[in-house]
Every structure is written in C-alpha cells, then in structure tokens.
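A quick write-up on the structure given underneath.
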C-alpha cells in the first residue's frame, strides 16, 4: 500500500494502481493541503495542469517533488505529458538518477507520450552522461512515429559534445537535416557549433556558423573562444572585428586569447579599446589584462593595472581572482615585495592565491619563505594544496638546494594530500637531484616514472649535465629531447656546449652539422631594460646599432676596469666556440645583459634598481659580472632570465650562485 495526500486527508491506494510510483510521501503536509491540492471540481483540467506546473517551478528539493507527484496523481492528471515533462525536468535538474529509477518510471506512466516527454528524459540521460541511453530512447521515439523537436536535437548534440563522440554527433546532424525544418533554429545551431568545437572540428563548426541565417552573441563567442584556444588568433580576430555587437564576455574572450597565445602587447591595446567603448569589466577581464602585464614584466604596466583595479572596485581586498593575478604579476615583474603586500592585504585567500605567492618566492630565490608559506597554508584546513602548489614548493626546494626537504614533500604529495605527481613534478625532482650532482639517481628516477616524461624532464637532466660536465648522461638526455622536440634548438646548443666544455670539438661539429641539416637557427641573446618613464630598450648580443652605443661602450669599459681591479676574471668557458681567448673575451663583453646594464647605469638615477629581462638563461660569466657590478656600482640589479629572477646586491645573488 502507498499513502498519498489529498485535500480530505490521507488515502491508501492499491499498489497495483501505483505500479510505477516507488515513494513514501511525508506526513507533515497539513499546513499546505489547500494550496497543494485545490478542489478538483473548481478547476478545469488545463487549469490543474497550470497550477501544478507553477508549483513544480517553485520546488527545489526531492521530498517536495515527491509530495507534488502524489497530489498530481490524486488529482487525476498523472497522464498529462505537460505536467510529467515538467516533473521529469525538475527531477533530472536535481541530479536524480534516471535509470532505472524515478524519472524513467514517471515516463513509463504516461499512456500517450509526446516529443516533449521523450525529450525531457533524453535530456536527463544527457545530463548524466548516458549517451547510449540517449540514442536508444531517440530510436524508440522515432519507431513510435514521434517527430523530434528543437530541444531533442540540442540535448543529443550536447551529449555527443560532452562525450566527444564526433561520429554519433555527425549522424544526429544528418538526421536533423533529413527531417528538415531545424536549420534556421538559433538554439540548435549554437548547440551544434558547441558540439563540433568540443570534438575539435573547427572547420565543421565554422560551416554551421556561416550557414546560420541568424546568430547571437553565443554563436560568435563560442567560435571566437575555440579559435583562441587552438592558437588561430587570425580567425579569432576576424570574427571579433565583425561582431555586430560585443559584450563584456566577447571582449574578455579576445583579450584572454591574446594573452594565452603570448601576445600581451596586443591584449593591452585591445583592453584600451574596450575601456574606450565603455563596456563594463569584471574580475575575469581584469585577470586577463593582469596576465598580459605579467608576460611583459614591465613595472609601469603593473602600476597602471593596479590603479584600474582600485578604480573599478576590484582591488585584491574585494576580489580573490584579481588578488591572485596581481600576486603573479608583481612576482613576474620582479617586485616580490609588492606581491607579498598584496597577499597580506587580501581578506580572502584560496589555493591559487597561496600557490601564486609560493611560486613567486621560489622564482625570486627565497626558498625558505616559500616553504614557510606552504606550511602556513597546510594549517588552514579549508585549503588543500593542488598540483600547482607542489610545483611551486618543489621549485623552491630545487632553487634552494634543499634536497632532503624536496624528497619528503615529493613523497607525501599523493600519500597525504591525494595529488599524484605529474611530469612537471618529476621535472622539479630531476632538477633538484641534478643540481645536487646526483645525475645517475635522476636518470634512474626518470626510468621509473609512471607517466611519460616530457621535454621538461629530460631538459632538467640535460641542464644538470652542463653544470656537472657529464657528456655521457647528456647524450642520453639529448637523444630523448631530439625525439620529443626535434626543432628545439636550445637542446642542440646545450649539448654542443657540454661537448665544448669537455674539449670534444668533433662532437661539437657533429651537433652543429645536425642543426644545419634541420635548418635550425639559434635565437640571438636579447635583453630588455625598462627606463624611467616605462619605455623599453632592447639589446641584442653584439649589438652596436643602439643610438647611444658609444656611451654604452664607454660605461662598460670603465665598469670592466673597476671589476678587474676588484678581482674579476672573465669565465671563458661560457663561450662554446673554439676560438682564441681574446675573441672569447670580446664575445663575452657583447652579451646583451651587459649592454643593458651599462645603459641602465647611465640612464637611471643613482640608487634606483636596475631591472633587466633576458630571453635566455644568464651565462656563468654574466652572473659573475652582475655580482661584481652590484658591489662596485653600488646598485641593486634584478635580472629575469628564462628560468628565474636574480637579485644582485653588494656582490651577492639571491640564488646563492645556484641556478
């Protein structure tokens, strides 16, 4: 027996008449009797339908929906497809299992099923990821002679997209075309574009887009984001410029796409256009702009975007998203102290906030600060470290030479915090072991990795071989890198340099011949200096074209003279060419960071920090040169190379000569 509530009280009905209703209704409905179940004679069938659909719209819990189902049954409208469709949609929205439970049993109750009832259950299967059940129910629908409606196809396309089933998605698309009449439907078109985008077939998505008679912001933005993620910023820009209307989401998508494709300058120009268009911005727009500033690494942009955040009421105090992005930006602009001020001022912090600050400390040569912050984070039980957190902590251990602590953290990642090490974590461990001179142990760890090692793993080992002059293991690492990154010229150059350090000039020639055969050209060393007003001056290795080159040369010669008086000796092994010592000295003096330093000394005010960015890793001689220059010139020097930041002060670097 099943108990149902009705206006006159609770009635017991035969189980046979309720074959498909497996529930027990709550007993505490006395206060709602009149509202839930009005006098049946006072309302027509259509009015009862409308009444219960209205009640279903306001119901957000499973017990409440069960109560209403009982009342629907007692009112005699339990075969109404209109009401049952709404009930199934409400149940599936609450994540109630579709098969073999409640929503399916409600569906089976209906004596005459219409396309909307079928579609409601198909949608339920789709939400649960049951693509096979979607297909079977669609087949039953067609066999029953019931034609699909718009929402049938949108549910099917959504399910195919989420399961990345392109083959089935194209079959459903063909069905839609054969049945006809759905081509002009905007909602169907948008879902079809999304399905093809999810399956990675942008060509088909673009064809659907081009054939749509009407498009809305969703149509344009979905395709724009897809092009951005694929790296095709030309197509993304083409769409963006032709959008009849651009909202905040479209502007943000385009700005973020430019940032993700390493085009920060263009992203900032586009943001200027957005501001001029008086389109409101939110924390996600600003986070993308802040990321662009971080890529540029220029302090003038850091101040500019911080002011915009304050003016927009999106300061770090109010927005954890903006605060986390600002921490990352300040760190990458060489202002780790400002990053920590931002961190300290934030009222709310999450795992991304902590991770950004930990990484900031790590790349600025402050491993103890990174470890201390990590330990502070662990005390906050509401925040658990993620994979990025552990990359930051392990990087700090590597840059600080903290071998034992790094091993302990690596071993507890999965055991204690349930974060399985990925290839990036292994790369940190290989770098840590390599810096400690344990090259054989590092190679054995790579061979035992449960995941496929990527270029970063073998690159860390190859870099360690350069430091410890081990050409044999270097050959093993390089052979894997040549297979993974055949066009990565840095790997060839590094192996060539290792051979050169060991005096194996025939092997040097062999590697260079391999480079020529692959038509690889070395990226020239390049450094940037940010002047007083924020303008960027660019210097290339051996560059003599700067308009103030004569002054740069004069300052550099005087600086070398003072450094030699202080005991400086050029490290000639930093030149990987079989040339005379005099030529090696000349090559070293033409390194781009030395030219940028000389320019910075005479073009900036006394006592100000000289900030230099470099596209390659700083060489051993330039590192020694910067240490000495910070002492004799009495200037703080910050160099950001492609690995980390070096803070030179009074003859000492923050990395402790360990980079």
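A Cβ is built for glycine as well, from the same backbone N, Cα and C atoms used for every other residue.
Keep in mind that TrEMBL annotations are predicted by a computer and have not been checked by a curator.
Taken from TrEMBL, the feature domain 'DYW' applies to 567-659. Taking DSSP states H, G and I as helix and E and B as strand, the domain 'DYW' (567-659) has 37 helix, 16 strand, 40 coil.
Residues annotated as repeat 'PPR' in TrEMBL: 114-148 (among others). The average pLDDT the prediction assigns to the repeat 'PPR' (114-148) is 82.
The repeat 'PPR' annotation in TrEMBL covers 216-246 (among others). Below 8 angstroms of C-beta separation, residues 186, 189-190, 193-194, 197, 202, 205-206, 209, 253-254, 256-258, 260-261, 263, 277, 279 of the same chain, each at least six residues beyond the ends of the repeat 'PPR' (216-246), sit close to that stretch.
Under the heading repeat 'PPR', TrEMBL lists 247-281 (among others).
Helix first, then strand, then coil: DSSP counts for the repeat 'PPR' (319-349) stand at 23 helix, 0 strand, 8 coil. The repeat 'PPR' annotation in TrEMBL covers 319-349 (among others).
Look at TrEMBL and you will find 350-385 (among others) tagged as repeat 'PPR'. Sorting each residue of the repeat 'PPR' (350-385) by its DSSP state yields 26 helix, 0 strand, 10 coil.
Long-range contacts of the repeat 'PPR' (422-452) within the same chain, counting only residues at least 6 positions beyond its ends with a Cβ under 8 Å from a Cβ of the stretch, are 387, 390-391, 394-395, 397-398, 401-403, 406-407, 410, 413, 458-461, 463-465, 467-468, 470, 473, 476, 658. Annotation source TrEMBL lists repeat 'PPR' at 422-452 (among others).
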Per-state residue totals over the repeat 'PPR' (247-281) - DSSP helix, strand, coil: 26 helix, 0 strand, 9 coil
